[in-house]
Amino acid sequence: MIIKPKIRGFICTTTHPVGCEANVKEQIELTKAKGKIANGPKRVLVVGSSSGYGLSSRIAAAFGSDAATLGVFFEKPSSETKPGTAGWYNTAAFDKFAKAEGLYSKSINCDAFSHEAKKKAIELIKEDLGQVDMVVYSLASPVRKLPDSGELIRSSLKPIGETYTATAVDTNKDCIIQTSVEPATEQEIADTVTVMGGEDWELWINALSDAGVLSDNCKTVAYSYIGTELTWPIYWHGALGKAKMDLDRAAHALNDKLAVKGGSANVAVLKSVVTQASSAIPVMPLYIAMVFKKMRQEGLHEGCMDQIYRMFSERLYRTDGAAPATDDKQRLRLDDWELREDIQQHCRDLWPQVTTENLSELADYMEYKAEFLKLFGFGIEGIDYDADVNPNVSFDVIEL
């Protein structure tokens, strides 16, 4: 089929397999160009490995550290009428490139919140790897099916206490709007913590630990975002922030457990990037377009791959073998460049000035749009989007 982008809301409903493969190849080449990560992990499980920071983590481990990787994700292959999800094509490409270099790569397509996912991962680790020395937890899901009861719990992207009104960008019409979001109820806050908090990360690590498949000195990391006062009402001070604070709670509990055998658990606070997850959060697209422009001007811009490589090489797996620098909550801070005072002051000054007319001039808005489309395999140089492509891409994946 000939595949063109179709946008609905903040999701692109079509994906381009050749474009997705090109994206993955670009991240692999970037990793190789940066060089090998000394003291890097060798057997890595990535929960939520098909896009964004999870995919970059799998690439950093495999191509930066020659690690065997096992990826867990929930994606859809193509059907007769429509292409598969971007994460499906991303993983197919990763698997192809990893195997071409003789690297172990296995993937499980399933609900990562389920008991079955954990059982299958443990089984594969026991059979093929013995143990893992790193577990990356990078799930971004709006819904969690509770593994025991089967109840579906939904998260909310809402403020707490009062209605949040702010300048935002309508990414469909490319115009500046005022957006208002009603505050979350107590139940919605609790549900958001259930879906996006640290409980499932704990369930994964405890299951792996009980099964004896975590090596001594095993490191685990889960990803978070804190941001600044520009996004705090909807994010850190909102329902989602409560969930991310629960991730901090889980990190401390897991760290106490793993430290007994020389291991560690940390939350890594990452910078804002264009992902399917961030595009769904009100005000984030506008903030990202602003902050990207300033960071590019200052030579500080990083994409997912740059961030994760820096986390591996300068935090978790330092050449000198020293423990990573953390903040007072034992978090790894990779948002340090974004939070620089001059960068943030620039955004604070700019925010009230943005109009539909000057949007592309004051912020990297067209670059934001291009990055967004790229997530789905579109707008990549050298690809003929009028060519007929086969959407049916298969690879070595276990379906649960």
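Backbone N, Cα and C define each Cβ position, glycine as well.
Taken straight from Swiss-Prot:
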BINDING   48-53, 74-75, 111-112, 139-140, K244, 273-275  NAD(+) binding site
SITE      E75  site 'Plays an important role in discriminating NADH against NADPH'
BINDING   Y225  substrate binding site
ACT_SITE  Y235  active site, proton donor
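Taking the features listed in Swiss-Prot, we show where each one sits on the structure.
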{"residue": "S50", "record": "NAD(+) binding site", "DSSP (3 states)": "coil"}
{"residue": "F74", "record": "NAD(+) binding site", "DSSP (3 states)": "coil"}
{"residue": "D111", "record": "NAD(+) binding site", "DSSP (3 states)": "coil"}
{"residue": "L139", "record": "NAD(+) binding site", "DSSP (3 states)": "coil"}
{"residue": "Y225", "record": "substrate binding site", "DSSP (3 states)": "coil"}
{"residue": "Y235", "record": "active site, proton donor", "DSSP (3 states)": "coil"}
{"residue": "K244", "record": "NAD(+) binding site", "DSSP (3 states)": "helix"}
{"residue": "V274", "record": "NAD(+) binding site", "DSSP (3 states)": "coil"}
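For the recorded positions given as F74, Y225, Y235, the lowest number of other CB atoms within 10 Å of the residue's CB is seen at F74. Of all Cβ atoms in the protein chains displayed, 17 besides its own lie within 10 Å of the Cβ of D111 (NAD(+) binding site).
The Cβ of K244 (NAD(+) binding site) has M196, G197, S224, Y225, I226, W236, V267 as same-chain neighbours under 8 Å, each 6 or more residues away in sequence. When the recorded positions S50, E75 are compared by the number of other C-beta atoms lying within 10 angstroms of their own C-beta, E75 comes out lowest.
V274 (NAD(+) binding site) has a Cβ environment of 24 other Cβ atoms inside 10 Å.
Note: the CA-CA distance between F74 (NAD(+) binding site) and the residue listed as 'active site, proton donor' rounds to 25 Å. Long-range C-beta contacts of G48 (NAD(+) binding site), restricted to its own chain and to partners at least six residues apart, with a cutoff below 8 Å, comprise G54, V72, F73, A112, V136, Y137, S138, L139, A140.
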